[in-house]
Each structure stands twice: as C-alpha cells, then as structure tokens.
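Summarising the annotation, TrEMBL assigns compositional bias 'Low complexity' to 7-24. The region 'Disordered' annotation in TrEMBL covers 1-24. Per TrEMBL, the feature transmembrane segment maps to 40-58, 64-86, 93-114, 181-209, 240-259, 265-294, 301-322, 334-367.
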C-alpha cells in the first residue's frame, strides 16, 4: 500500500462526494422561468394537499361544521343587538336571553302564519287545482300534441305503477329521512349551544383560536379575523334587509294579482333570499308558475315583470347603497360560488358560499396590505422590554 493510497481524496471527489461547482452548473443550465415555475408548483401542490385534507375533514364532520357555521351567522345577526342592550345597561345574560327569545318568537310566528294561511286557503286551493287540472287536460287535447283524456290518464297510471314498484326504495328513503331528522335535531342543539357561547364570550373563543398560531403570526390572524367578522355582520344585516324587501315586493305583486297563498309565497321568498341573487330568482320562478297555473298567462307575465323589478331593485339600489364597500363580491363570483357550493354541499353549500368568499376575501386583503406589521413590531418591542425589565 503506497502513500497515495493512504492520502485522503479531495473534497467532492468520489461517488459519495458532492460537487458544488457541478450543481451550480446544473442550476445555471435550468432556465429562470422553469426554476420559478417549479418552485411555485411544489408550493401549489402543498396548498392543494392542505385544502384536500380540509375538505375531507369538513365532509367527515359535516353536521358539526354546518351547525357551527349556522351559529356564526345567527351570532353575527344577534351580536349588534346584544351590544346595543348592553350599552343601555342591560345585564349581559338578560340581553342574550331576550335576543334568543325574540329570534325564536319571530320564527315561530312565521311558521304559525304559514300554517294558518295554508289551512284557510286549502279548500279554495283544492277547487282551483281541479279547475287547473281540467283546463290543462283540455289544452292538451286541443293542442298540436293531440293528447286526449284517456292517454293522459294512462300516463298518470304509469307514473302510479312506477311509484308502487319502487315502494321499497321509497320506504328505505323514509327511514333515511327519519335518520336525517335525528341529525337535524342534533345539529339544532349544537347550533343553539354554539350561539349561546359565542354571544357570551365570543372574544374569549377568538383569543383561544389565535393562540393556536405562532406568536409572530398572531397579529395578522387577529386583525384578519376582526375584519372578517365585521364583513360577516354587515353581510348578514344587509341580506336580512334585502330578503325583507324581496319578500314584501313579491308578496304585494302576488296579493294584487290574486294568487293563492300570497303570504306563504312571500315567506318562502324571504327565506330563500338569504342565498344571494339565486334564491330570489328561484322562488320568483315558483311564484310565476303558481300565477300561470291558478290565475292565467297574463297575470303570470305581470308576476314575472314584478319579480324582475324586485331583483333589479335589489341588485342596483339596495346592494350598492346599503352594503357599500364593506362586502365586495362581484355578482358573477356570487353566481359561481352558489353553483359550486350547491354541487359540493347542497343547500348548506349554497347558503354559506357567498359569506365564506366575502370573509376570506377581506381577510386575505387585510394580510396582504401588511398594516398588521406595525402592531406586531409594537407587541415585540413590549415583549422584549418586559423581558429586559
């Protein structure tokens, strides 16, 4: 064995060594655009992975998530009222109890009103339904389709036979509805408890959430959360006003045109209007269909004009005037958000899609502006000063 065999190899030589010059040459050989695209690609993949895990968890615990989101919407509506009563020297607990009791009283009154109107108008509705049915049969027999009464009755018998043949599936569906009713009851109780705790100590709940993040990120998270909460409260109050205007407008048109069950139609429009843009249009189409079946085509056209007029009033007067710059969501984004939310999560997805986009948009813009950095520096200076003291 010679001295050359015992001498150590130069750094970077051999199969196990690394060659910084070679790696630099490789990096220089990669175009800058490809290098930047690669760095963005793995970051986007990481974000996509986090979002996939988040969607999986939401789908797994959907009852809890929906209950909490409903509690947030209710709390966003009731917190200003509770604060108003507290400023007028009401005890906090009494203000919360009064706000919750008032909410339940209003919902109960609406349900009682619908039930009373349906019960009172049911006999005339049955008569009008029979007349509309006979008129429709006569129209089919005289129309270019030439479908007489016997053919129409045969189609109805086929539908009845199909329902009877699938009665077992319908029965299993009834069991599913019973299970869903139990889930709804559980979700309602979770929503009630979450609403109570948010009204009692919402600030404490938010402080607990911010403490889950690193200390340097807390000012950004805290500021973004407050901005998002302000947006959510504004959104809920504006949607309440918009829903009221939509319901009153459509209800007045239905009343003066002589539609049956005008008040229940107005209440349905009110509830559906909490889904922006899409909800009012969908329930307006129902009102037009009722007018076409029970009143006539001329009244249906007038009802359609009334629905469009109410929608234009909402889109071009109420939304810009009342909402202002607090909630900036483009109507096209609203439509696509509601469509995506409906495809992913059904009615809850349609309900929460727009407020979620509005809140996320405001929070991201707050963090991007960087106004929270001054607060972070002040907090860091105070922390260092306390450590030195």
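Using N, Cα and C of the backbone, Cβ positions are placed for all residues, glycine too.
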Feature contact check the transmembrane segment (181-209) with the transmembrane segment (240-259), CB under 8 Å, 3 or more pairs: no
Beyond the flanks of the transmembrane segment (265-294) by 6 or more, those residues with Cβ under 8 Å of it: 110, 113-114, 125, 128-129, 132, 239, 242-244, 246-248, 250-251, 253-254, 257, 259, 300, 302-304, 307-308, 310-311, 314-315, 331, 334-335, 338-339, 350-351, 354
Positions on the same chain near the transmembrane segment (334-367), where near means CB under 8 A and six or more residues out: 62, 66, 69, 73, 220, 223-225, 227-228, 230-232, 235-236, 274-279, 327-328
Folded-back contacts onto the transmembrane segment (181-209), same chain, C-beta under 8 angstroms, at least six residues removed: 63-64, 66-68, 70-72, 74-75, 78-79, 82, 92-93, 96, 99-100, 221-222, 225
